[in-house]
Amino acid sequence: MRFKNVLVLLLLLVFSVINSEPSAPATISDNIYTTLYSSYPCTKIMTSDGQFGCSSKHGGNSGILYLIDDDESYNNYFSYSQQKDIIVVLDTNYFNSTSVLNLHNKSKIEGIIVLTDTKKTYPYSPDSRYPNKIYGLYPNSNLEWNPNADGFTYFSFPFPIFAIDNQTSVAIRNVSKHNRDGQYPAWGAELDSFMQGAINSETCLRRGFCEPVGGQSIWSSFSSKIDKEKEIILVMLPFDTTAFFRDLSIGADQSSFATVTLLSVIKSLAAVDRSSWNKEVVFAFWNAERWGYVGSEYFINDLLNFQCKTYNSDKSKCIDPPRADLAFQTQINFTKISTIIELNQIGRAQLDKNLGKYSLYLHTAGTKTSSVTDILDQVASSYENSTITFKPTTQTELPPSSSMSFLKKTNKIPVVVITDHDYKYSNPYYGYEQDDNENVLGSTLNDIVYILSTFIDRIAGGNNNITIDKNFINILYPCFTSSITCFNILMKTYPLNEVPNFYSSVFGTSLTTTLSPYETKLIHRLLYSITQYNSTLTNCTSDNDCPSSLCYSGQCVSSNTHLHNALSLGFDFDTSKNVWKIVNSSYPIFTESNWDYTALKVFKIGNSTTEIWFLVSGLIELLVSIGLILYVKKFLSNRYKLL
């Protein structure tokens with residue numbers, strides 16, 4: 001009986017020890033922290049002479065939540081006596097350079113969470129007042145195209161800044177108010193977005209902690225092969241966007257509206273008889289244009305200067321220097337480009353109350369532009385019940401645009417840049433997260449598509465009756481400005497983030513290993529599908545089954561659609577050291593820092609009395625446990641001689 005009692009006691013001790021141990025470290029972490037998955041960090045960008053953006057400390061920054069949602073809470077912050085580290089929660093109206101720099105300079109903060117459950121009540125852009133000024137045609141210009149800008153994007157902060165989605169913002173606002181009311185337990189947050197890059201682009205690249213900002217541009221033609229002897233009409237746009245939080249770069253007016261427009265124009269023209277066209281029409285979507293027009297610059301440089309030293313067996317690719325596609329060299333003659341039409345910001349056409357129509361503006365450069373704009377005016381005026389009219393700009397300089405890259409090489413090409421502004425941007429949120437579907441006029445889209453489709457058909461030599469594909473437009477428009485969950489037939493994968501994001505990202509780990517975001521791949525496949533000239537009877541399940549073509553609806557399809565590197569000419573890849581290097585710092589030198597992962601977690605914080613009570617109770621429990629163990633040990637030793 002005694003032995004049985006001893007055995008039971010030992011089993012109870014073992015059982016208590018086992019149950020006192022955590023099953024896994026993650027269990028404790030999960031019980032303490034709540035991870036917020038819909039969070040979007042500010043990242044760090046390196047330049048040739050410094051850096052801008054944000055980063056947390058290694059392991060993250062944490063602190064108690066402090067809500068600033070009105071002037072009183074903003075002013076009270078500077079007399080806030082809380083001794084603990086602070087994570088500031090900002091209503092979107094207080095997210096600007098003046099407020100944040102004031103907080104940063106006058107107090108120590110561990111990080112910032114920006115709420116998105118409300119809209120800014122004033123126009124705001126964190127970009128510069130003349131985007132890309134030093135890389136354009138007029139580096140000494142005194143114009144300010146973007147008057148609502150404060151340059152906030154280009155400041156550097158030693159703490160993390162996160163935005164969170166609408167639903168999460170409501171929850172964080174509530175628990176932050178809980179803190180402000182002095183209730184316990186209080187709430188804190190941990191922001192982890194450690195960026196490995198430091199100093200500048202040269203140092204960061206040498207250490208292998210950065211990659212060049214860039215991507216891949218896309219160009220396409222209806223012709224199976226462009227006749228190099230024919231004149232070329234180049235219809236183009238910059239399709240990448242920017243925002244303070246890169247994962248929220250919708251850029252509805254900045255680019256997305258124009259991208260939808262041009263894709264819809266191409267869709268309309270795909271259905272017409274093009275046999276009467278006496279000119280080639282090339283459609284181009286330039287990437288990484290917001291970083292010094294590097295997409296268009298790289299393409300032009302390849303057209304004019306590229307020389308392949310070593311080809312592959314069929315001369316379709318170049319091994320040295322590496323180019324995966326040489327169609328640009330075999331099909332496009334730079335001197336044959338006779339007209340450039342660029343769609344820029346066109347999503348906020350201005351209402352002319354006298355005409356009862358919305359106005360878009362024509363910015364021209366080069367020679368003989370009137371012959372082009374006259375045709376556009378004729379098309380627009382002949383379209384009955386049109387809501388759109390076109391006006392000449394009052395400015396002598398072009399707005400920031402990809403056309404500048406071409407005009408640097410020659411001023412003999414007629415260039416027409418179409419925008420929704422005469423001078424100052426009509427876009428109140430350029431480069432900001434609120435440049436979304438609510439910031440553009442979707443009601444003008446059909447008329448713009450019809451007029452531009454007819455216009456391009458006319459200048460190419462056609463005289464077709466245009467019918468726009470409204471169903472295509474109705475699918476594409478919300479997809480590119482609201483939720484990019486469309487066209488699942490074209491894309492086998494699903495976007496990780498449903499918010500459309502046209503940030504160009506980084507180019508890749510080498511010249512032959514490029515990275516293409518979901519949105520770039522989608523535009524490429526859309527273009528490929530629309531401009532296809534041949535569908536074989538070859539069955540396929542993936543692109544791997546289709547050499548030199550792509551797989552659509554179970555069949556291999558051919559198209560004259562191509563990807564082209566969008567990378568600053570200031571970079572080259574050192575194959576001997578397997579690192580990027582800077583070869584010419586006069587070009588844009590933007591690199592993005594590497595990071596392991598990003599996370600935003602919230603947790604509860606007790607008051608000092610509660611914390612002391614937990615400490616004391618823990619010590620009491622420890623002492624009681626030690627006393628119990630010593631007693632049991634002595635009891636077993638004396639009575640049963642077991643210990």
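Backbone N, Cα and C define each Cβ position, glycine as well.
The candidates are Asn385, Asn465, Asn534, Asn607; Swiss-Prot tags Asn385 with the feature N-linked glycosylation site.
Looking up Asn105, Asn333 in Swiss-Prot, the residue bearing an annotation of N-linked glycosylation site is Asn333. Residues within less than 8 Å, Cβ to Cβ, of Cys546 (disulfide bond) and separated from it by at least 6 positions along the same chain comprise Thr538, Cys540, Cys556, Val557. DSSP classifies Cys540 (disulfide bond) as coil under the three-state reduction. Over the topological domain 'Extracellular' (21-611) the predicted model carries a mean pLDDT of 92.
Taken residue by residue with DSSP, Cys556 (disulfide bond) is part of a strand. Counting other CB atoms no more than 10 Å from each candidate's CB, the disulfide-bonded residues Cys42, Cys556 peak at Cys42. Among the listed glycosylation sites, namely Asn96, Asn584, the Cβ with the most fellow Cβ atoms inside 10 Å is that of Asn96. The two recorded residues, Asn333 (N-linked glycosylation site) and Cys318 (disulfide bond), have Cα atoms 19 Å apart. Taking all protein chains in view, 19 other C-beta atoms sit within 10 angstroms of the C-beta of Cys479 (disulfide bond). One residue stands out among the disulfide-bonded residues Cys204, Cys308 for having the most other Cβ atoms within 10 Å of its Cβ: Cys204.
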